[in-house]
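So that you can see what the record holds, here are the features copied from TrEMBL:
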- 26-48: transmembrane segment (TRANSMEM)
- 42-288: domain 'G-protein coupled receptors family 1 profile' (DOMAIN)
- 60-79: transmembrane segment (TRANSMEM)
- 99-121: transmembrane segment (TRANSMEM)
- 141-165: transmembrane segment (TRANSMEM)
- 206-225: transmembrane segment (TRANSMEM)
- 237-259: transmembrane segment (TRANSMEM)
- 271-291: transmembrane segment (TRANSMEM)
Amino acid sequence: EMEHKNYTVVTEFVLLGLSQNHKVQMILFFFFLLFYMIVLPGNILIILTIREDSQLGSPMYFFLANLSFLDICYCSVTPPKMLADFFSHRKTISYSACMAQLFFLHFLGAAEVFLLMVMAYDRYVAICKPLHYTRLVNRRVCCVLVGATWGGGFIHGIILFALSIHPPLCGPNILDNFYCDSHQLVKLACGDTYIVKLLMFLNNGVVIVMCFILLLISYIVLLLKLQTQASKAKNKVASTCVSHIIVVFVMYGPAIYIYVLPFQTVPKEKVVALLHTVIFPLTNPMIYTLCNKEIKGSVWNLVSKYRFCCRK
C-alpha cells in the first residue's frame with residue numbers, strides 16, 4: 001500500500017528550462033518570437049502557394065505541402081510552453097500535459113521521418129522509372145502514402161506513450177530540459193526499467209538510424225543514376241535531390257544524437273534538442289523552396305497578386 005502511494009506522488013514536473021538567468025531568458029524569448037514571426041508565415045505561404053498554383057500540382061509539391069503542415073504542427077508542441085516559461089519563475093508542467101507533449105512530439109516527428117522516406121520514393125520513381133511515374137505515383141497513391149505516414153507516426157507515438165506511462169514514478173520530479181521526453185521520464189522511474197529502456201531504444205534509436213541509412217543509400221544511388229541523364233534535366237533533378245539530402249541530415253542528425261544513446265547524459269543535449277524541436281523543422285520547407293526555381297517564382301507571384309489586390 002505504501003508503494004502504491006509512492007507511485008502516485010508525481011503529479012507534475014519541474015522543467016529547468018534553457019537557462020536560469022532572467023536576462024538570458026528574455027533574449028531567448030525575443031529571438032524565438034522573431035524567428036516564429038518570420039519563418040512560420042513562410043511555411044503557411046508555401047502551403048498556400050502550392051494549393052493555389054495549378055503548375056505545382058505534381059506529387060513532389062503535394063508532399064512538400066504536407067511536410068510544411070507537419071512541421072507547423074510539430075513546432076506547435078513544445079515552443080508555446082517554452083516561450084511562456086521564459087516569464088515563469090518556477091517552470092512546471094502537469095503529468096497529463098507532459099504525457100500529451102511526449103505523445104504528439106513522437107507522433108508528428110515519426111510522421112515526418114516517414115514522409116521523408118515517401119519523398120525519397122517519389123524521387124526514385126521520377127528518376128529511375130520515369131515512364132511509369134504517373135501510374136506509380138498518382139494522386140490516389142500519394143494520398144495513401146501520406147495517410148500511411150500519419151498512421152505510422154501515430155503507432156510510434158502510442159508505443160512511446162505506453163512505454164513512458166508504464167514505469168511507476170515516485171520522485172524526484174525535476175526534468176533538466178524545456179520539454180518532456182520519454183528518455184527523460186524513464187530516468188525518474190522507480191524499480192528496474194531495463195526492458196522499458198531497451199524497447200524505447202529499439203523504437204527510437206535503431207529505427208531512426210536504419211531510416212537514415214536507407215535514405216542516404218537511396219539518394220546516393222539516385223545521384224549516381226543522374227550521371228546518365230541529359231545535362232539540363234540532370235541539373236534540375238540534382239538540385240532537388242541535394243535539398244532532400246540536406247533536410248535528411250538536418251532532421252536525422254540531432255535525432256540520432258539524442259536518441260541513439262538516450263539514457264546517458266550527452267553534452268549540449270539542450271542545444272541539440274532545441275535545434276531538433278524548434279529551429280530545424282520550420283526551416284526544412286525553406287531549404288526545399290530555396291533550391292527550387294518553380295516554387296520560388298510561384299511564391300513571388302502569389303505575394304505580388306495579393307499586394308495588387310490590397311492596393312485596389
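Heads up, the Cβ atoms here are built off N, Cα and C, so glycines get one too.
TrEMBL does not curate its annotations; it predicts them automatically.
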- line: Tertiary contacts of the transmembrane segment (60-79), defined by C-beta under 8 angstroms and 6+ residue spacing from its ends, are 32, 36, 40, 43-44, 46-47, 50-51, 101, 104-105, 108-109, 111-112, 115-116, 118-119, 122-123, 126, 139, 142, 146, 149, 178-179, 240, 277-278, 281-282, 284-285, 288, 295
Message: Do any residues, 6 or more residues outside the transmembrane segment (237-259), come within under 8 Å Cβ-to-Cβ of it, and if so which ones?
response: 60, 109, 112-113, 116, 119-120, 123, 126-127, 183, 201, 204-205, 208-209, 211-212, 215-216, 219, 222-223, 226, 229, 266, 269, 272-273, 275-276, 280-281, 283-284, 287-288, 290-292
- line: Long-range CB partners for the transmembrane segment (99-121) (under 8 A, at least six residues beyond its ends), listed in sequence order, are 60, 63-64, 66-67, 70-71, 73-74, 77-78, 81, 93, 137, 145-146, 148-150, 152-154, 156-158, 160-161, 164-165, 179-182, 185, 208, 211, 214-215, 218-219, 244, 247-248, 251-252, 255, 277, 281
Field: For the transmembrane segment (271-291), distant same-chain residues with Cβ under 8 A (at least six beyond the ends)
entry: 18, 32, 35-36, 39-40, 42-43, 46, 64, 67-68, 71-72, 74-75, 77-79, 82, 105, 112, 177-179, 181, 239-240, 242-244, 246-247, 250-251, 254-255, 257-258, 299
Message: Taking only the residues in the domain 'G-protein coupled receptors family 1 profile' (42-288), give me the average pLDDT of this model.
response: 86
